[in-house]
Amino acid sequence: MQKRVRNRLITIIICFCSAFLGISIILYNLEKNIVFFLPPSKINEIEQGKELRVGGLVKTDSINKIADDKISFVITDNIKDCEILYQGALPALFRKGQGIIAIGQLSNGKFIARQLLAKHDENYRPPQ
């Protein structure tokens, strides 16, 4: 009887450890694929040069074309504004008032984006 209880206990412990390990691996991989972002009012708490995601609405009349593929614009969370500098092709849904997530680094009070993601609502239809 003692051996039977010990074997059952070992089996239960192995099952719990396996389940914990499996859930940990799944959560670790999901964290890499989920797009978390900070609003402009929270980015001052982040150190300069650290890669982060900033999200907000493109402010009206803030889009300035600097060169052929360089653009500057301001995003806001209605508390604070953040100037974004971006070089590259803009997403098709990019426009004033649109929700944007910028991925890049904070440098001298400006956010240098290496990638832009345009947010859309549940009624998304690709541009024609």
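Backbone N, Cα and C define each Cβ position, glycine as well.
Taken straight from Swiss-Prot:
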type     : residues       : note
TOPO_DOM : 1-8            : topological domain 'Cytoplasmic'
TRANSMEM : 9-29           : transmembrane segment
TOPO_DOM : 30-128         : topological domain 'Periplasmic'
BINDING  : His120, Tyr124 : heme binding site
Confidence summary for the topological domain 'Cytoplasmic' (1-8), mean pLDDT rounded: 86
Helix, strand and coil totals (DSSP H, G, I; E, B; other) for the topological domain 'Cytoplasmic' (1-8): 7 helix, 0 strand, 1 coil
